[in-house]
Each structure stands twice: as C-alpha cells, then as structure tokens.
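Novice: This is the structure I want to talk about, given as structure tokens.
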Amino acid sequence: KGKFQYNLQFHTKQYTLCSFDYFSHFFSPSLQMFLAALSFAYFSKALSGSYMKSTITQLERRFDIPSYLIGVIDGSFEMGNLLVIAFVSYFGAKLHRPKIIAMGCVLMSLGTFLIAMPHFIIGREALDVSMWAYVFLGNVLRGIGETPVQPLGISYIDDYARPENAALYIGCVQTISIIGPVIGYLLGSLCAKIYVDIGYVDMETITITPGDARWVGAWWLGYLIAGTITLTSAVPFWFLPKSLPVPVEKHDASCTPEQTRFIKDSPSAMEHKFRPEEPTNFRQMAKEFVPALKSLLGSPVYIIYLCVTIIQFNSLIGMVTYKPKYIEQHYGQSASKANFLMGMINIPAVALGMFSGGVVMKKFKLGIMGAAKFAFGTSLLGYFLSLFFLAMGCDNAKVAGITMSYTGVEGLSYHERALFSECNSGCLCSGKDWDPVCGENGITYVSACLAGCTSATGTGRNTVFGQCRCLALTKAGSRYTNLTASLGHCPIRDSCDRMFPYFLFLSVITSFIISLGGTPGFVLLIRCIKPELKSLALGVHTLATRTLAGIPAPIYFGAIIDTTCLKWGNTKCGGRGACRIYNTTAYRMVYLGLTLGLRTVAFFLCILGFALLQRYVRQEEKTALANGDVEVESDSLRKEEGNSVLHCDKFVCALNCRETRL
C-alpha cells in the first residue's frame, strides 16, 4: 500500500511537471487556429506574387523595357529570399516561429506598397525609365518578408500534427493558398482593363484599346490592395504561442522516460502533450549550424531531390511567368483576358490537383516510395500531354513590311527599310513609330502614314483614315481607290480562334495532372530526412530552388523570347523599348521547347533518385527491426508498472481528449 501511494505521488508529480499545461489545452490556441492563420498568410503572399506575374506586360510597357529586364525584376523576389533564407530557416525554428512569420508578413506588405510608388512619383509621364528600380527593390523586400512563411509554417504543422494527418493539413494549406493566385490574376484582369492614368485624363481622348500593344492598365492599383491584405495577414500570428500540443506518437526527449510512459500508458491514450519552452542559446545554435548543414547535404537522396526540383522549377517558373504573355502574343488575346483565364481556369485546376494529391496520400497511406512513384507518374503523364501544345500553333499576324510584303507575299523581315514602299515613299514616315492601323484588306500596317493614308475623319478611337494607297497593292483592279483603315490591329484569324479553346482545355488537364503529385512530392522532402533537420531542409530547398531557378529562369526565358521579336518600340530617349510584335512560330518553339526540354532532363535524374530512395528505405526498415527488440523490453517494463498507475490512469481517462482536426 505504501509503495503504491509513493508511486502514485511520484507519477502525479511528474505528470504535473511535464504536461500540466495539457489541462489548459482547450483554452489555448490550437492547431486549427495556426492552420487558419498560415492559410491566410499563404493566400496573401500568393495573391501578391500572382498579381506581380499578371502585371509583367503592363510593367514592360510602362517602363519601356525588354522581357529579360522584366525577368530580372521578377527574379528579385528570389534574391530577397536568398539573403536570409538559410539563417531564418535554421535559427527561426528554434525561436518563436509564429511571431517571426508575422514580421515577415509586415515586410511583405511594405515591399508591395513600395512597388506601387513609381506611379505616384512619375505621374502621367514616364520620363525616367530607371524608375523600375523601385519595383525591383520592393520585390526584394517582398522576398525577404516571405522567407519564414513556408519553412517555419510547414515545420510547425509537421511538429504538432499527427503523422497521418500532416500530409492532409499541408495539402489543405497549399490548396487554400491557390485561391490567392485566382484572386491575384482576376485582380490583374480587372486592373488591366482600367487605363493607367484613370482619373487624370479624359478617356474620350484615348485612341488605344486594352488589346493594343501600347495599352498600359492601372497596374499600381492592385499592389495597394495586395499590400493591405498582406498586412492584415500578420495580425493573427502575434497572438499564437511558441509551441502547441504534441501528439504522443512523436517521442519528446524533453520528458523523462517515466513522464512519457505515464502519459502513453493511460487508457484514454492521451493524444497530445505540451513541449516545455527552453531558453534560447544563440551561441549553441551557431555551433550546431555547420554540423547540421553537413549532415543534411551528406544525404544522397536529399541532393538528388534538390537537383530534380531545381530543374523542374526552372521549367515551371519560366512557363508560368510568361504564359499570360504567350496567350496574348500567340492567340491575340488582351492582357485582361489572359489574366482572367489564368485565374478562372488554370489556377483552380492546380488547386484541385494539389488537394486531391493530399487526399490520395491519406486514403492510401502512401509511404516514401509510394509518394515518390505517385509524384513521378503524374508528372510523366502531364509531360506527354504537354507535347500536344507544340501542334497548337497559329500563324504570324499579317503586318505589312514585317511578316509580309506590301504586295501580300508572306515572308519575315527584320530590317526597318522593309517598312517603306513606293506607296508611302512620299509621306516622309518614321520607321521607328508603332501606331498600327487595320486596313480593310485585313492587313495590319505599322502606322497610318506607312499605309499611305492621306486623310482622316472622326476623333479618338473612332478615327478612320482614308485614301490609303498601300492597301490597293493587295487588291487587284483597285489601285489608288479610296481604301480605308481603322485604329488598332486587325483581329486574329478564325483558325486561331478555333484552336484557342483546345489550348485552354489541354492546359487545364495538364495542370491538374501535374499538380496531383505536388503534395506527395513535398511530403517526400520532409520524410526522407532526420526530424531535427526538417526546418533546415525546407530552408535549403527553398534557397536552392529560388537561387538556381527562381532568379535565373525568368531572366533567360525572357532573353530567349526577346530573340523572337520582330519590331521593337522606342523609349522617349531614343533607346530600345518594349517589343511590339513577335514571330509567333519562333516564340512557340522556344517557349514550349525550353519548358519541355528542362523537364526531360529532370526525368533522367529521377531514375537515379529512385535507386537511392529504395536503398534509403531498406536501411530504415533494418533500423526499425533492430530497434524492435528494445521496444519489446520497454513494453514489459510498462506492464510491470501498470498496476502502480491504475488509479492515475482512471483519473487521466476522465479528461475529454479529442483529436485535433482541420
């Protein structure tokens, strides 16, 4: 009896020391609250990031800069990440993660506001093209602020969620975050319809339309909205604790074996306990950083995973960055419509695919090899379907002096002198201007002057040019008759209109299939390394992909796309500005060819990755079997002590323990 009372007092005391906070579990912030806050943060950062992608064409035209320079601006986000990602991921995991995420959200919002500043500084006239530096710096600040959100947020979930639920929770967070790009592209579509200087000019005097290559939408407006939303997302994290209830399935060395045994052996199978907060020792953390990094980079499976994802991300980032522009240039759609289609069709397919991937992981309880095979299979199927995009091409637009001669003979010309002909030789036209008109013969001319027009009627967008002599060269028997031309490009051909819906359908299918492997692939990353290296592994992974994919991909994709330009605009200082028209056939081949070529290289690396992963799994199985004997001995010790804690177990059973659910 005396021995039993002693054991009861001992275990009750130890339980109080280790997990007294468990009684306040239902009165403290839960995992659900963190999931909601993290989902909102993911949503806000995805919204501002996708809005940046949607304004690429607008920024290119506003500042009169080529595509490769737009790629530099787009990659500046990753440059910001590069500055701090490794240290934030490692040291942040040992500090107050929710508050660090909150500070990151505040920095993101400040960067987003800074991007919009040039509009209020330069006003209506973009005299200094160098003002794009504000956009560059603002995007760098956004990158710095975004750094802690993913590695610290995902590791926080994986630490405090049950192992079988972690994949579903991560999938849910990533799925909710996909709503951000949907709203971001829709916001981009709305702002692209609004003229950049709305409220300062009489719209009746504007002669261009949203479909014109010179149209600039109200790009700045969306950044103000996105910055406000991002600032709001920081609020919940300030009120969340450093730690949350830990599932008992995850061994915690902070409790003694006696303490852990008491909690695990209770009949109610208590599902959670609190991890005590330890004082921060920066000196010790710094000493452990280099050995931890060496241990991480010494894993062959992790290195191959990094190489594959870096190549895949090069393909993905380059493709996504210039996809709206590809839709504009190849299928003749406006920037507003291209962004609308990205937001309403492509992004929801990606969201559904990522969520479905998480559900498959949970339902079929896929292990490491199962997740790897599933991710590889979906990616390979999407790759084969993407090959059909190469056949969905449109011919070049008919532009006199660029894609065809003035007499109607098709042929590309890269020389300015090809813009001049006998029909406009006496008009003293400039070959540097880009003010297109559509002739009634269905051919676009670079300007009314180069079309040989000598009269005009109407005002604004309703202006009609008459006596256009160059139009007569393509009409037999109507030489120098009164042929007219209207402002803007000629519409695209019916054959291209019929091809566009098939392009959209295939785009949705491939986006869904490839996204199915997103969540399993991400879970594979955090499950093939040591638990204590999860945050560092996520940080290094983010650092590597953004350094070697996020930064260079938009730049070299943009530089290669620039090589297909047929007609460049000019800045106010006389320098080369933004491209006005591309060789659509060459654009399609370099854009799709580069995207698919990179993915081909990644698949070959996956073969080596599978071999290394199988060896890793076998080693883990052997280790688990070796540890099995030790667990059997521990179980026998627990049984011997079971009678001593009988009354304590009944007391613990009275607690209303519930599984944390999303």
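Here the Cβ of each residue, glycine as well, is placed from N, Cα and C on the backbone.
Just lifted these from TrEMBL, have a look:
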- 34-618: domain 'Major facilitator superfamily (MFS) profile' (DOMAIN)
- 417-469: domain 'Kazal-like' (DOMAIN)
- 20-43: transmembrane segment (TRANSMEM)
- 68-93: transmembrane segment (TRANSMEM)
- 100-122: transmembrane segment (TRANSMEM)
- 166-196: transmembrane segment (TRANSMEM)
- 217-239: transmembrane segment (TRANSMEM)
- 302-320: transmembrane segment (TRANSMEM)
- 340-360: transmembrane segment (TRANSMEM)
- 366-390: transmembrane segment (TRANSMEM)
- 502-526: transmembrane segment (TRANSMEM)
- 590-613: transmembrane segment (TRANSMEM)
Novice: Most CB pairs under 8 Å with the transmembrane segment (340-360): which of 68-93, 166-196, 217-239, 502-526, 590-613?
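Specialist: Maximum Cβ contact count belongs to 166-196.
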Novice: Which residues of the same chain, at least 6 past either end of the transmembrane segment (68-93), have a Cβ under 8 Å from a Cβ in it?
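Specialist: Apart from its flanks, the transmembrane segment (68-93) reaches 49, 52-53, 56, 59-60, 100, 111, 132, 135-137, 139-148, 151-152, 155, 282, 285, 289, 292-293, 321, 534-536, 538-540, 542-543, 546-547, 550-559, 562.
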Novice: Any residues 6+ beyond the ends of the transmembrane segment (502-526) with a Cβ under 8 Å from its own?
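Specialist: Non-local partners: 154-155, 158, 166-167, 170-171, 174, 305, 309, 331, 341, 345-346, 349-358, 360-361, 366, 368, 370-372, 374-379, 381-382, 385-386, 388-389, 392, 534, 537-538, 541.
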Novice: Mind checking which residues reach the transmembrane segment (100-122)? Cβ under 8 Å, same chain, six or more beyond either end.
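Specialist: That would be 38, 41, 44-45, 48, 52, 63, 80, 88, 92, 128, 131-132, 134-135, 137-149, 152-153, 196, 219-221, 223-224, 226-228, 230-231, 233-235, 237-238.
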